[in-house]
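**Q** Dropping the structure in here first, questions after.
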């Protein structure tokens, strides 16, 4: 979905190479409309010395941020530059207020000068447009195997989260992670990338041990489209265990006795 109105774009703040969303309304939109849950990483103001219950901001994976920008749903804001601008504006406002107060003290009574200070209003400064980063800031992610398999699953309605705790790149959920357990341990690879039989067996057994299937997938190079047409009849005949479309192929590995 492409949102033409720039004001409706979700602002993703990039801080030291990581992507965050600070607006609770935007977080709800991401979860409800775009199947992006992210990870809460902020401490709670009342109980900051614990890490069991977390709050805003929500941290996004690079693949999540890149896909949202590619779909025209979000834009990337350089938080460091914008924060520096806000601080500079605040300092200028303080100097301006002090100068104004000094003039009032010289020309008016003390009560009038206090009133002038109280009525001073800090102007609102818009920084999102000025410090919006171009799409090229995330376009390098588009060519990675991780992004290809992330997009492949996202287009099929899966919620995806980091998979490090289970030894994979991603975890794929058939619905909201608050309602479902993950079904797949996911790894994206290059189409010609080699991996050992030991890794294949180990990953399959790992998935079985945590009651999940191990999925591996790759995006096909343009010159492999003819090869896919040859492979497709055998995949259709075999049925379970493989899925493909015009530019992507994936396989699920399960150890004997799964379930």
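Every residue number used here counts from 1 along the chain in the order it is shown.
For all residues, glycine too, the Cβ spot is worked out from N, Cα and C.
According to TrEMBL, the active site annotation covers 173, 181, 212. As annotated by TrEMBL, domain 'TSEN34 N-terminal' applies to 10-79. The feature domain 'tRNA intron endonuclease catalytic' is assigned by TrEMBL to 146-216.
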**Q** Express the predicted model's confidence over the domain 'TSEN34 N-terminal' (10-79) as a mean pLDDT, rounded to an integer.
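**A** Mean pLDDT across the domain 'TSEN34 N-terminal' (10-79) comes out at 94.
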**Q** Would you mind reading off the Cα separation of residue 181 (active site) from residue 173 (active site), to the nearest angstrom?
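**A** The Cα atom of residue 181 (active site) is 6 Å away from the Cα atom of residue 173 (active site).
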**Q** Rounded to a whole number, how many Å is the Cα of residue 173 (active site) away from the Cα of residue 212 (active site)?
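**A** So the Cα of residue 212 (active site) lies 11 Å away from that of residue 173 (active site).
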**Q** Which residues of the same chain, at least 6 positions away in sequence, have a Cβ lying under 8 Å from the Cβ of residue 212 (active site)?
**A** 166, 171, 182, 183, 184, 185
